[in-house]
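J.: Structure in structure tokens, see below.
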Amino acid sequence: MSYDLILLRHGQSDWNQKNLFTGWVDVPLTETGRAEAARGGELLKEHNLLPDVVHTSLLQRAISTAHLSLEAAERLWIPVKRDWRLNERHYGALQGKDKTQIRDQYGEEQFMIWRRSYDTPPPEIDAEDPYSQAGDPRYADLGDAAPRTECLKDVVERFIPYYESEVIGDLTAGKTVLLAAHGNSLRALVKHLDGISDEDIAGLNIPTGIPLHYQLDENFAPLNPGGQYLDPEAAAEAIQAVANQGKK
Ligand SMILES: O=C(O)[C@H](O)COP(=O)(O)O
């Protein structure tokens, strides 16, 4: 008995291309990102990994990626579940800031603490900041619990309960599950699945638009630790590019 779980980071977004911290800012995919998403769907079809249900965040780059990849895989008809708990990590006051400028201004060490430390969040975003989500109707139900910044630990704490109830629920029902989400929300899940330490997770990066397949055993532990990228060569190159963001 095994279960199939597919993780898909959204394709390149407008702000990935512009090298800006994005977090919860709702930016669209670029043409490259749309092509990556469609290619992701073709890979699913080629590997006969056809999702029965898709879970996405509330952000259009993940929603569009799910749609374009399912279109390419001829699975547009499957049920969709959306939840804020799959959202990208809230990047606090860094949202909308240029990654290279922040690295130059604060130095490599602080830049990497904000980007990759497990439990140090960036400064909170001001409600008046143009890139704040204060007043965004999609988060109205969260009230005061809506984050104004998050570290990876915060993402683990919101995403893993969702994974354990909703995603494991679908897997248990025998469904192949596609999760269309984000670099840091997927890092949170991979940390959980592979039992990666708080220190070592800093070195793990997830590329855009390349499906990552986990086969899980009856206890939902990976039979293939680390998962399998459906295009391993493209993934290796793209992982390096994510790691190098902010460098000149
Ligand atoms: O929110 C962002 O800026 C990106 O989606 C993830 O960025 P990072 O790789 O710098 O954490």
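Here, residue 1 is simply the first one shown, and the rest follow in order.
Cβ from N, Cα, C; glycine included.
Reproduced below are the annotations present in TrEMBL:
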- 9-16, 22-23, Arg61, 88-91, Lys99, 115-116, 183-184: substrate binding site (BINDING)
- His10: active site, tele-phosphohistidine intermediate (ACT_SITE)
- Glu88: active site, proton donor/acceptor (ACT_SITE)
- His182: site 'Transition state stabilizer' (SITE)
J.: Can you tell me which of the recorded positions Arg9, Gln12, Trp15, Lys99, His182 is spatially closest to the residue listed as 'active site, proton donor/acceptor'? Compare CA atoms only.
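T.: So, of the listed recorded positions, the one sitting closest to the residue listed as 'active site, proton donor/acceptor' is His182.
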J.: Would you mind ranking the recorded positions Arg9, His10, Arg89, Lys99, His182 by how many other Cβ atoms sit within 10 Å of each Cβ and giving me the lowest?
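T.: Taking Arg9, His10, Arg89, Lys99, His182 as the recorded positions, the minimal 10 Å Cβ count falls on Lys99.
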J.: Roughly how many Å lie between the Cα atoms of Lys99 (substrate binding site) and the residue listed as 'active site, tele-phosphohistidine intermediate', rounded to a whole value?
T.: 19
J.: Please report the three-state DSSP label of Trp15 (substrate binding site).
T.: helix
J.: Just counting, how many other CB atoms are there within 10 A of the CB of Trp15 (substrate binding site)?
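T.: Result for Trp15 (substrate binding site): 20 other Cβ atoms within 10 Å.
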J.: Pop the Cα-Cα gap between His10 (active site, tele-phosphohistidine intermediate) and Gly183 (substrate binding site) into the table, whole Å please.
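T.: So the alpha carbons of Gly183 (substrate binding site) and His10 (active site, tele-phosphohistidine intermediate) sit roughly 8 Å from each other.
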J.: For the recorded positions Arg9, Gln12, Gly23, Glu88, Gly183, which residues place their CB under 6 A from an atom of ligand 1?
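T.: Result: Gly23, Glu88, Gly183.
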J.: In the structure shown, with every protein chain counted, which of the recorded positions Gln12, Glu88 has the densest set of Cβ atoms within 10 angstroms of its Cβ?
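T.: When each Cβ's neighbours within 10 Å are tallied, Glu88 tops the list.
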J.: When the number of other CB atoms within 10 A of each residue's CB is tallied over all shown chains, which of the binding-site residues Gly23, Gly183 has the maximum?
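T.: Result for the most crowded candidate: Gly23.
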J.: Could you measure between Gly23 (substrate binding site) and His182 (site 'Transition state stabilizer') for me? Cα positions, answer in whole angstrom.
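T.: So the Cα of His182 (site 'Transition state stabilizer') lies 9 Å away from that of Gly23 (substrate binding site).
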J.: Sorry to bug you, but what's the C-alpha spacing from His182 (site 'Transition state stabilizer') to Gln12 (substrate binding site), rounded to the closest Å?
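T.: Computed Cα spacing between Gln12 (substrate binding site) and His182 (site 'Transition state stabilizer') is 11 Å.
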